[in-house]
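Visitor: Here you go, one structure.
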Amino acid sequence: MGEISQETVEKYLEANPQFAKEYFNRKLQVEVPSGGAQAPASASFPGRTLAEEAALYLELLEVLLEEAGSVELAAHRALQRLAQLLQADRCSMFLCRARNGTPEVASKLLDVTPTSKFEDNLVVPDREAVFPLDVGIVGWVAHTKKTFNVPDVKKNSHFSDFMDKQTGYVTRNLLATPIVMGKEVLAVFMAVNKVDASEFSKQDEEVFSKYLSFVSIILKLHHTNYLYNIESRRSQILMWSANKVFEELTDVERQFHKALYTVRTYLNCERYSIGLLDMTKEKEFYDEWPVKLGEVEPYKGPKTPDGREVIFYKIIDYILHGKEEIKVIPTPPMDHWTLISGLPTYVAENGFICNMLNAPADEYFTFQKGPVDETGWVIKNVLSLPIVNKKEDIVGVATFYNRKDGKPFDEYDEHIAETLTQFLGWSLLNTDTYEKMNKLENRKDIAQEMLMNHTKATPDEIKSILKFKEKLNIDVIEDCEEKQLVTILKEDLPDPRTADLYEFRFRHLPITEHELIKCGLRLFFEINVVEKFKVPVEVLTRWMYTVRKGYRAVTYHNWRHGFNVGQTMFTLLMTGRLKKYYTDLEAFAMLAAAFCHDIDHRGTNNLYQMKSTSPLARLHGSSILERHHLEYSKTLLQDESLNIFQNLNKRQYETVIHLFEVAIIATDLALYFKKRTMFQKIVDACEKMETEEEAIKYVTIDPTKKEIIMAMMMTACDLSAITKPWEVQSQVALLVANEFWEQGDLERTVLQQQPIPMMDRNKKDELPKLQVGFIDFVCTFVYKEFSRFHKEITPMLNGLQNNRVEWKSLADEYDEKMKVIEEMKKQEEGNTTEKAVEDSGGGGDDKKSKTCLML
């Protein structure tokens, strides 16, 4: 045979890599040369050089790289080599995890020898040996996170012979070390029974530690990747469930179903089931009768922590293995495969998270040991947890079955499932809120219907004003033509000149409230809006009568006040000639808003609403009563039979509603001081203009200026009683004062607070002084500026000034009276003091003792 060249050998080895690998594995332990220079010896591997030690690590890295896809395979190859290097009889790997909040170790690779097969050493999930950390040396290693070299296990208090009894193997000594990542123990590696010695040496510990430091890289890499997948799944679950939860707000079942079905691919299980609990806490009285009569046994079954009977009214099964399927079972029977074990009921009763390994073997719960249905599917591992809402009531139970990779559910699965169920539970707040809103909306509709029934003008009340039956001999108003109704209504309305409707001095006291309704109707005809905007007179009559009924029978803010404000608005527009700045539609809206501005007033002011925390105060943050008057007015217009603006187009109607908002909110005196400077600037600008047309153009070209003037007009109308003739003003002022005193009485009795002087009945004699202050501080500016703006409005200022003279006279009389009383009081106090001095004996020496007698 010829000589083999180096080139031939290289070609053969390259062509047969498996042979080359096996050959070098066998020849790895080379003999130390006997002569010549020796290579440096390894401290960790006796009998090997540093080069050979490096070759071992290189081989390990190649193995780890080759088996990087499976942590079990990589660990198995490493344990095989360790068993050889340490001369250990066998090696094992235990994984560390946590379930139900309790850490534990579970066997993953057992009895690994240099020649054993991976399949024989791998422990499948349903055959794992699981220990808590307080059992066995492996548990103690995981607990302390330290390496332990135990020369004699019988002398170690932590040793447990459980595994020996199961396998018949006898453990004499062992070496165990943890793989730690941060504060978390990932696994425990163990070498058992030194073959050529009675115990593992210090050098064995070093070999074990160094070798496993490389293995730990793979474990940490896999664990990091696992944590990344966990967080990715968690974020996807939260994102998709949030997306679906906010898609569905009307029904909790549909909300749950949309969210749970969308995230099914991220739950990593074969099946999951959602049981929805009956939320009824108290039974109806008629359901309790049979129990009280003894005909039915009282309920003695499990109850939720808040006292509800555990009744699943619906179960939804999500089957993800094989053909995907969703089954909805209303009123499920107790022998349904999810309920028969008793686990969902237990979770609903106690609120615990239950993570069960090898569930069919559990003795407490009765899981089916065989297939649960025709698919042949078998329960292995179970994770069940409650769905809890923000009130901490258990609303359902979510149960997950069989992790797809065959492993039991771990603490990270618990975290993901808990995140999902917690989010679903909290999302119930949306549906609960939506349901409450619906109920409130329905109650509002019912209340509105009741309100309309009692407030809306009846047919007989309409007939009392619109006398179609008497004049047309027609029984049903629908049979009348609109022109006929207009004619008979206008005939029956008062003459505006005779009734002084164009005058600022108009007096309402001699006129009945019913006649005031007719006067109000007349004003709409006077501004020519009824025919122009095609307002049905029946609707106008019904609206005006309903507005009158909407005012409560309070002392001052009643229908008479409402009408007076409307009449003053009309007078400002027509007599005061402010109409030239506004269109007919705007004038129509302003007049209607003036009539409605205090509708449903309660006789108390905004401050009282806030102090008493009334529903109105909770509903409206500012301008409380004004916003209520506005909403009431808009509510009336929502009824077609009361909508006097029904024939306007959309844009016109929106304009009217906007003007209503500006006009009615402007009556809040708290806003008066904000707007009066702006109004004064408009007046100053108009006063400098030479022609009327120039002033009209200046105002009308800017909608904001028109709104400011309108807001100030509403204030002037609201305070107009202060400008009426003295005989009217003096009576009205007493009505206002009485209403204030009534509020003061409420503050004193209900709120237990001392009212301010203006509302204190005990200080009613100070009314003239308070009126003078009110005129000077609030009213004078309004009417002075309007008189400057339009000379036609000067009568209001004159009336105000005349009334101030009267009130000042009364205030001065009161001050004089109080001054006299004060002087008399001082004089009386002086006399009392002199008498006290005389009685004390200071007046002379002839005073005798009343207790001692000189004989």
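Glycine residues also receive a Cβ, built from the backbone N, Cα and C atoms like all the rest.
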Visitor: Can you match one of His561, His620, His628 to the divalent metal cation 1 site that Swiss-Prot gives for His597, Asp598, Asp718?
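Guide: Given His597, Asp598, Asp718 bind divalent metal cation 1 in Swiss-Prot, the matching entry from His561, His620, His628 is His561.
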Visitor: Around the divalent metal cation 1 site (His561, His597, Asp598, Asp718), what further same-chain residues have their C-beta within 8 angstroms of the site's C-beta centre?
Guide: His557, Gly562, Asn564, Val565, Ala594, His601, Thr667, Cys717
Visitor: By CA distance, which of the binding-site residues (His597, Asp598, Asp718) lies nearest to His557 (active site, proton donor)?
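Guide: Closest candidate to His557 (active site, proton donor), judged by Cα separation, is Asp598.
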Visitor: Helix, strand or coil: which one is His597 (divalent metal cation 1 binding site) in, per DSSP?
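Guide: His597 (divalent metal cation 1 binding site) sits in coil per DSSP, no helix or strand.
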Visitor: List the same-chain residues at least 6 positions away in sequence whose Cβ sits under 8 Å from the Cβ of Asp718 (divalent metal cation 1 binding site), in sequence order, or say none.
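Guide: The list for Asp718 (divalent metal cation 1 binding site) reads Val565, His597, Thr667, given in order along the sequence.
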Visitor: For a three-state summary based on DSSP, what are the helix, strand and coil counts in the domain 'GAF 1' (70-219)?
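Guide: DSSP classes over the domain 'GAF 1' (70-219) add up to 58 helix, 49 strand, 43 coil.
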